[in-house]
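Engineer: Below are the structure tokens for one structure; questions will follow.
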Amino acid sequence: MRLFIALTPPPELRSRFGELSDLAQARCGGRRMPDANLHLTLAFLGEVGPARLEALVHWVEQQTLPPGCWTLDRWGCFRAPRIVWIGGGKPEPTLQRLHDRLWQALAALGFEGEPSRYVPHITLLRRAERLETRELPAFRIDWPYRQVELIHSLTGPGGSRYTTLARSRVA
Ligand code: 2AM
């Protein structure tokens, strides 16, 4: 199973991110992510077999996060996969610590693959035709978060379908 650990936005933020997706698509073209799929990946785990899945679910369900708030105010793109995203203009130390703490624990559970540089982002468009984000309107969204989710990604012809398998505890 293809798995990742992510923060998922509350409904009111999903629709604001969706509005930004519409603006981005009008300018950049490409494939817009459905609002229901918008998320911030903290750890992409790749293919995970059933034996490790059980340990992972158990571990996620035992976690309680220090609550944090991520400020999004920046458009960005990844050129090779032609992704347009939103993220933070400033590094977010709480998010970085959460990412590091997750990967420390994941390494102890036998997972590898921590990226050398973590760029927190929410993918809005894939296969963009024009990677021109400079003239898109300025925005600022504060996203308070308290919980991570372990998510299963099933890729089909119509895109990815996400299912939450476990949630951390809320303090
Ligand atoms: P992306 O949006 O930048 O592609 C599910 O695929 C999530 O895991 C996405 O948020 C994706 O980021 C992220 N991810 C990180 N590394 C990945 C990889 N090597 N392959 C696919 N998805 C990856």
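Even glycines carry a Cβ here, placed using N, Cα and C.
Here TrEMBL flags 39-42 as motif 'HXTX 1'. According to TrEMBL, the feature active site, proton donor maps to HIS39. Residues or ranges marked as motif 'HXTX 2' in TrEMBL: 121-124. The active site, proton acceptor annotation in TrEMBL covers HIS121.
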Engineer: Report, as a single number, how many Cβ atoms besides its own are within 10 Å of the Cβ of HIS121 (active site, proton acceptor).
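Structural biologist: If we count other Cβ atoms within 10 Å of HIS121 (active site, proton acceptor), we arrive at 19.
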Engineer: Does the residue listed as 'active site, proton donor' have same-chain partners at least 6 apart in sequence with Cβ under 8 Å from its own Cβ, and which are they?
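Structural biologist: Residues satisfying the criterion: ALA6, LEU7, THR8, PRO9, ILE122, ILE151, TYR162.
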Engineer: Under a three-state reduction of DSSP output, how is HIS39 (active site, proton donor) classified: helix, strand, or coil?
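Structural biologist: Going by the DSSP assignment, HIS39 (active site, proton donor) belongs to neither helix nor strand, so it counts as coil.
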Engineer: How does the model score the motif 'HXTX 1' (39-42) in terms of mean pLDDT?
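Structural biologist: It averages 97.
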